[in-house]
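Trainee: According to TrEMBL, the feature domain 'Uroporphyrinogen decarboxylase (URO-D)' maps to 31-40, 148-164. Residues annotated as substrate binding site in TrEMBL: Arg36, Gln37, Ala38, Gly39, Arg40, Asp85, Tyr160, Ser215, His329. TrEMBL lists Asp85 with the feature site 'Transition state stabilizer'.
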Amino acid sequence: MPTTAPTTPRDLTRDSDLVRAARRQDVGRTPVWFMRQAGRSLPEYRAVREGIPMLESCMRPELVTEITLQPVRRHGVDAAIFFSDIVVPLKAVGVDLDIVPGVGPVVAAPVRTRADLDRLPELTPDHVPYITDAVEQLTRELGPTPLIGFAGAPFTLASYLVEGGPSKNHERTKALMHGDPELWADLCARLAQISGAFLRVQASAGASAVQLFDSWVGALSRADYVAHVQRHSAAALAAVDDLDVPRIHFGVGTGELLDLMGEAGADVVGVDFRVSLSDATRRLGPSYAVQGNLDPALLFAPWPALERRVREIVEEGRQAPGHIFNLGHGVLPDVDPDVLTRVTALVHECSTRS
Ligand SMILES: Cc1c2[nH]c(c1CCC(=O)O)Cc1[nH]c(c(CCC(=O)O)c1C)Cc1[nH]c(c(CCC(=O)O)c1C)Cc1[nH]c(c(CCC(=O)O)c1C)C2
């Protein structure tokens, strides 16, 4: 009898529509998941999080598993997004920060000098044993449904570290980038190591795809992206080169950067709602799948208007080399979860290939 290699969690998801679409292969129907589908709008999420601070909940594998599975059970989406946060690896290496309800990540001592950078260590898997545990537990429970791991990209992480918290204009970040390009490059190189290692921990433990969130990089020009950011995001994505996981690269307001974000080493480029999938596909060419791009605010529109837009996006996606249906940015907290379930069913129904 021929011996067969043991089945890994990733083997079980290799033929899923999400992984196939990311690789620009034929799919049975368009796969769909929603950024920020875990947490946010779900009452069952609020119930299990009751009294547990955000960062603490990210370090409890049982809780991470439950919260990650909730939207998969409820909506029937084609992938789970790992419940964590982009600042978890920074906390893990010792940065004094907290996630403040209603605000977001707040850093006690912002990183602005060489001495500050010298206090930021590299990330090793030993810093995040609870991530490995949670991913292993999750992939066992998910079976054929892929788990997407993620990390924040160097620019977006740098913005939180340099500004000390959420920022509208990223002024201190841009001042550092242009005022001390050498320190900026060293900071981003360190953050690329941290991001890449965080992606690698998740992919090694069984995640089937990874997404690099460069949420705020749309604040940059093409010239600044090329000079100061692209190679660092490329280094983060390259950390999983040998693990055979598709890589999704996403940012908000990045219509002008899509091709450069693809070149950084993505298989799939995330598209926000400001650019049509057709334009995005034209800008990207045949070598990339696209992900997106329903405006999250449209989930509040009357169903006929929402339905029309969902059908349009599915049609536009058919012209792309591969399409993963998603929002153009994260689920808004007040959305009716039943609308997400209905959108999932509609995408599946109107995209089923005969
Ligand atoms: C993928 C993800 C993230 N955060 C969380 C997840 C888990 C999965 C999911 O919710 O589906 C949980 C996650 N992260 C947070 C929460 C809310 C905190 C709570 O419930 O107490 C949750 C559920 C807190 C958080 N963390 C962050 C913010 C934004 C602040 C700002 O405007 O600058 C906020 C509010 C930083 C953050 N975190 C993340 C991003 C990239 C995605 C995006 O652009 O939305 C960013 C920019 C990524």
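Even glycines carry a Cβ here, placed using N, Cα and C.
Curation does not apply to TrEMBL; its annotations are automatic.
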Trainee: Near the Cβ of Asp85 (site 'Transition state stabilizer'), how many other Cβ atoms are there if near means within 10 Å?
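Mentor: Here the count is 18.
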Trainee: Using only the residues recorded as binding substrate (Arg36, Gln37, Ala38, Gly39, Arg40, Asp85, Tyr160, Ser215, His329), report the maximum Cα-Cα distance in Å, whole number please.
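Mentor: The two farthest binding residues have Cα atoms 23 Å apart.
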Trainee: Can you give me the same-chain residues 6 or more apart in sequence from Tyr160 (substrate binding site) with a CB-CB distance under 8 Å?
Mentor: Ile86, Val87, Leu90, Leu97, Pro105, Val107, Gly152, Pro166
Trainee: Using all protein chains in view, find how many other C-beta atoms are within 10 Å of the C-beta of His329 (substrate binding site).
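Mentor: If we count other Cβ atoms within 10 Å of His329 (substrate binding site), we arrive at 23.
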Trainee: Excluding near sequence neighbours, so keeping only residues 6 or more apart in the same chain, what lies with its CB under 8 A of Ala38 (substrate binding site)?
Mentor: Tyr45, Ile67, Thr68, Gln70, Pro71, Ala80, Ile81, Phe83
Trainee: Compute the C-alpha separation of His329 (substrate binding site) from Asp85 (site 'Transition state stabilizer'), stating it in Å without decimals.
Mentor: 15
Trainee: In whole Å, note down how far the CA of Asp85 (site 'Transition state stabilizer') lies from the CA of Arg40 (substrate binding site).
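Mentor: Their Cα atoms are separated by 13 Å.
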Trainee: How many Å separate the Cα atoms of Arg36 (substrate binding site) and Asp85 (site 'Transition state stabilizer')?
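Mentor: Here the two Cα atoms lie 10 Å apart.
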Trainee: In which DSSP state, out of helix, strand and coil, do we find Tyr160 (substrate binding site)?
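Mentor: For Tyr160 (substrate binding site) - judged by DSSP and reduced to three states - the answer is helix.
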Trainee: Looking only at the domain 'Uroporphyrinogen decarboxylase (URO-D)' (148-164), report the model's average pLDDT.
Mentor: 98
